[in-house]
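Undergrad: Per Swiss-Prot, domain 'Reverse transcriptase' is recorded for 1-243. According to Swiss-Prot, the feature Mg(2+) binding site maps to D99, D189, D190, an assignment based on sequence analysis. Marked as region 'Necessary and required for recognition and binding of RNA' by Swiss-Prot: 247-316.
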Amino acid sequence: MRIYSLIDSQTLMTKGFASEVMRSPEPPKKWDIAKKKGGMRTIYHPSSKVKLIQYWLMNNVFSKLPMHNAAYAFVKNRSIKSNALLHAESKNKYYVKIDLKDFFPSIKFTDFEYAFTRYRDRIEFTTEYDKELLQLIKTICFISDSTLPIGFPTSPLIANFVARELDEKLTQKLNAIDKLNATYTRYADDIIVSTNMKGASKLILDCFKRTMKEIGPDFKINIKKFKICSASGGSIVVTGLKVCHDFHITLHRSMKDKIRLHLSLLSKGILKDEDHNKLSGYIAYAKDIDPHFYTKLNRKYFQEIKWIQNLHNKVE
């Protein structure tokens, strides 16, 4: 049985569906969106037929491939909160923030292929279908120049798998630096290294630069976003969340102000209808990230919060 027949049977599609999509896949839709700090980002959206095969690959192939414990984005039961919490619980005072430039597009199919050869035994049918499977992944999950596109549902899993080598080597090298005792996490392209060693930023950056030269993917540091921060007497922002001087996690001030403003407008009966769902999401977000802040909000805006939550439940 060819791999295409396997996909047809397991997705309950008609015979020949997968091979037909493979022969002439419908090109993805694409559009450009502006980045916050200038430039454009291209987003790709696969056709429904291609997406069906992508989900089959996610369930039967990519979900079985390992990723490093330091990876926190696109991982079940992990979030921006658990990422920030790990650094907060380490009680480290000094933070180095490193952004990987063009993270998804810097990953090529050859990078995936190289990593896949190390772990192919985890997939039950790879021995029989190796070449077919790799060709399918190249055609269905990568775009014409063999780069990993932003927007495909398969891209996050592939990216975490390919970046495993980076995470592994960086963790080993950082652990080998005497007295550094660093905590390392990666949330997609956003890397945080925290430590209690003052003045360690050069050591950490040199470690990164050496490691980048040793691995397959062409990852590059975005120097414009490189930051060194200290929690002494203040707070640090980790993946959008605030790590306070007493090491508890809370929302950024701007988000708190936005929630208060929306609740105030609701209490006065002038919150726009289209903002009701936004407020419901903000409240759920606040409750998850900082229950203490949510409790304070609830004391002041109990009726408003109850009303917006009931409205959300009716919609569901």
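In case you wondered, yes, glycine gets a Cβ from its N, Cα and C as well.
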Undergrad: What count of other C-beta atoms do you get within 10 angstroms of the C-beta of D190 (Mg(2+) binding site), across all chains shown?
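TA: Taking every protein chain into account, the count is 20.
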Undergrad: Averaging the per-residue pLDDT over the region 'Necessary and required for recognition and binding of RNA' (247-316), what integer do you get?
TA: 92
Undergrad: Enter the number of other CB atoms within 10 angstroms of the CB of D99 (Mg(2+) binding site).
TA: 17
Undergrad: Treating G and I as helix alongside H, and B as strand alongside E, what does DSSP give for the region 'Necessary and required for recognition and binding of RNA' (247-316) in helix, strand and coil?
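TA: For the region 'Necessary and required for recognition and binding of RNA' (247-316), the helix, strand and coil counts are 56 helix, 3 strand, 11 coil.
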Undergrad: What are the other residues, in sequence order, whose C-beta lies within 8 angstroms of the center of the C-beta atoms of D99, D189, D190 at the Mg(2+) site?
TA: I98, L100, F103, Y187, A188, I191, N222, K225
Undergrad: So how many other Cβ atoms are close to D189 (Mg(2+) binding site), meaning within 10 Å of its Cβ?
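TA: Result for D189 (Mg(2+) binding site): 19 other Cβ atoms within 10 Å.
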